[in-house]
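*Asks:* Here it is: the structure, laid out below.
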Amino acid sequence: MTAEQQAGQGATRCGFVALIGAPNVGKSTLVNALVGSKVTIVSRKVQTTRALIRGIVIEGQSQIILVDTPGIFSPKRRLDRAMVTTAWSGAHDADLVCVLLDAKKGLDDEAQAIIDKAASVAHEKILVVNKVDLVPREKLLALVAAANEKLAFARTFMISALSGDGVDDLRRALAEMVPPGPFHYPEDQMSDAPMRHLAAEITREKIYSHLHQELPYQSTVETDSWTERNDGSIRIEQTIFVERDSQRKIVLGKGGATIKSIGAQSRKEIAEITGVPVHLFLFVKVRENWGDDPDRYREMGLEFPRE
């Protein structure tokens, strides 16, 4: 929508809304539910989101730019510190902040620490209690009351991002609360992430679903090439970086079975999103201490912590 078109249709609103919370609280699932399409990866494993991923929603005359931040936790590694720093910078730079709580976990130490620190964010804060379908109503009301005692939230919503309950109400409220202004993105754009980045994230999601324990956290995926062919299909080459040769063997699997399965699932999902046939080629390489390589952080959209 051009500025002239927006003026002709009445006042528009546009703003950034950061979603913050502990790992696995459901931020990425909520972003996808609000957008109505997959723009960020989801896994039951914690710390899946590493950088700021923006999903874009049109609701009436409002454009809501959702910032899916990494989960906030006590950082131990350099990568952990970069992720937590990125999450808080996303909160401070936004127009509104949604603080997500897991209804089952309630106000545990992690949630309380996040609420305490959120008090320093100057913008309006919205409390979003997720996974409400798993908890009795009496417990939910007590949780909401306790959270609002700790911090004066502008609004409170109880939702299930997975089932969609309460998501429409939250979307409408965000549309009313973002500041007046012109749209930042075209109306048909659902994310600011390039497709080659989303494709790498999808492959990383499949690694999370196939492999267990620490290995997914010690790997990263980069899209090396993205070529649109004359027949309308896309040829994609990606590299999965791991830190040790033993990890490379795990990713490959016996007779290459694991990497084939990862590739097949990733190829199918990328094709569904792009709407064209996809030829995906995966390579697994050892890059020792990639977690200390500034170039890898830039590729992931993170600031490299110097200490």
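Each Cβ is built from the backbone N, Cα and C atoms, and glycine gets one as well.
Among the features that Swiss-Prot reports, domain 'Era-type G' is placed at 13-180. Here Swiss-Prot flags 21-28 as region 'G1', drawing on sequence analysis. Annotated GTP binding site per Swiss-Prot: 21-28, 68-72, 130-133, in sequence order. Residues annotated as region 'G2' in Swiss-Prot, with sequence analysis given as evidence: 47-51. Feature annotation from Swiss-Prot assigns region 'G3' to 68-71; the stated evidence is sequence analysis. What Swiss-Prot lists as region 'G4' is 130-133. If you look up Swiss-Prot, you'll see 211-288 marked as domain 'KH type-2'.
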*Asks:* Which of the listed binding-site residues (Gly21, Asn24, Lys27, Val132) has the least company, meaning the fewest other Cβ atoms within 10 Å of its Cβ?
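*Replies:* Taking Gly21, Asn24, Lys27, Val132 as the binding-site residues, the minimal 10 Å Cβ count falls on Asn24.
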*Asks:* Go through the chain and flag residues at least 6 beyond the ends of the region 'G4' (130-133) whose CB is under 8 A from any CB in it; none is fine as an answer.
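*Replies:* The answer is 25-26, 30, 100-104, 140, 158-163, 165-166.
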*Asks:* If H, G and I count as helix, E and B as strand, and all else as coil, what does DSSP give for Lys27 (GTP binding site)?
*Replies:* helix
*Asks:* By DSSP, how many residues in the domain 'KH type-2' (211-288) are helix, how many strand, and how many coil?
*Replies:* 33 helix, 27 strand, 18 coil
*Asks:* Give the helix, strand or coil assignment DSSP yields for Gly21 (GTP binding site).
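*Replies:* SS state of Gly21 (GTP binding site) = coil.
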*Asks:* Where does Val132 (GTP binding site) sit in DSSP terms: helix, strand, or coil?
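*Replies:* Reduced to three states, the DSSP call for Val132 (GTP binding site) is helix.
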